[in-house]
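**Q** Right, I'll just put the structure down here and ask away after.
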Amino acid sequence: MYKGHRIRAGDQHLVYHFVLGWLLALFIGWMSVFYFQEFRQFDISKLSLSTIEIVWSIKDLVCLLGSLAFSGAMILLYIHFFLDHWRSLWHRQKLARMILENHWYEVKQTQSEGFFKDLNSSRTRETISYFPKIYYRMKDGLLSIRVQISLGKYQDQLLKLEKKLESGLYCELVEKELKDSYVEYTLLYDMIANRIGIDEVVAENGTLRLMKNQVWAYDSLPHMLIAGGTGGGKTYFLLTIIEALLKSDAELFILDPKNADLADLGTVMPHVYSQKEEISACVEDFYERMMARSKAMKEMSNYKTGENYAYLGLPPNFLIFDEYVAYMEMLTTKESAVILNKLKQIVMLGRQSGFFLILACQRPDAKYLGDGIRDQCATCF
């Protein structure tokens, strides 16, 4: 399996070496084109140091400047048409410098002999004896960065790279997965270029497309947690999801305890609640529906162990809960415990029967997302 480009110490000047190398190659190429006839007539057997005479003409100056201009223009065209590769060079250079500047490598002292061996002029120099194995790959708008786990003294730092990678590479962490002998960071880059229109957000076959390169597969990664401050776009994101799900055969239950934008949907669709008692009753009803379907599925003639609701031709159900933490703060301790218990059952048991939870809040407070609720939300924004 292809891991990607290995990050090496020499990559600290990767962009410089790449540009310089291509400029030199292009410059020589263009000069060869301009002086093609002269090269054909050149007789190397008559070459002598005494006969070499450098004489500049207007043509030579034009050819020199033209070669430089064409070489620079081709580099700019490359950056324009192969922007992803150009960015990958910068990313690999940044990763190499991150390792070097944080001193996450080991060196050893080596002795090198001087030019004159009869003189005792040997000198000591440092060479890198250990450099972490880090692999970089860019594919379909996602960055995959694999870091080998070697149980060395830098392991703790390499297992907690998400903040550095997000800020340094200007990306969003999508997934961090610990595997056998390595940890893989998956990041989303170039979010603006990968945006899609609202009409392109489509729910089908157990998936919901959110971006060109990102899909929420709610059948396999159930439940979503959306967190963000006031004015961060949570409500518009929820409205987009609601519109896409309404175009499918999904049944929606929408809760808006602040009686704001989502509550207005009550004029055009059922199961929209904003009052405290109504919300509690809806959570209870959603839970009862889930349990009833789970029981009914096993009694169906085409029921098959290991298959989910979609195999039986049943529609998915979504409980969309805006300002969840704000609602929980309205409740008494006893009322809060009841709601938490129902939500915990939904996130634990809902995937098989097709009952999914979408929670939105300003901060994912552990006080109201305890008992495994936050951990069971496989998709977070």
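Placed from the backbone N, Cα and C atoms, the Cβ positions cover glycine too.
A TrEMBL annotation is a machine prediction, not a hand-curated record.
Reproduced below are the annotations present in TrEMBL:
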- Gly228, Gly229, Thr230, Gly231, Gly232, Gly233, Lys234, Thr235: ATP binding site (BINDING)
**Q** With a 10 Å radius around each C-beta, find which of these binding-site residues (Thr230, Thr235) has the fewest other C-beta atoms nearby.
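**A** Candidates: the binding-site residues Thr230, Thr235. Fewest Cβ atoms within 10 Å: Thr230.
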**Q** For the binding-site residues Gly228, Gly229, Gly233, work out the Cβ neighbour count at 10 Å and name the residue with the minimum.
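**A** Least crowded of the binding-site residues Gly228, Gly229, Gly233, by Cβ count within 10 Å, is Gly229.
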**Q** Please report the DSSP secondary structure of Gly233 (ATP binding site), reduced to three states.
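**A** In three-state terms, Gly233 (ATP binding site) counts as coil.
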**Q** Below 8 Å Cβ to Cβ and six or more residues apart, same chain only. Which residues does that give for Lys234 (ATP binding site)?
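**A** For Lys234 (ATP binding site), the qualifying residues are Ile226, Ala227, Gly228, Asp322, Ala360.
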**Q** DSSP on Gly228 (ATP binding site), three-state: which is it?
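**A** It is coil.
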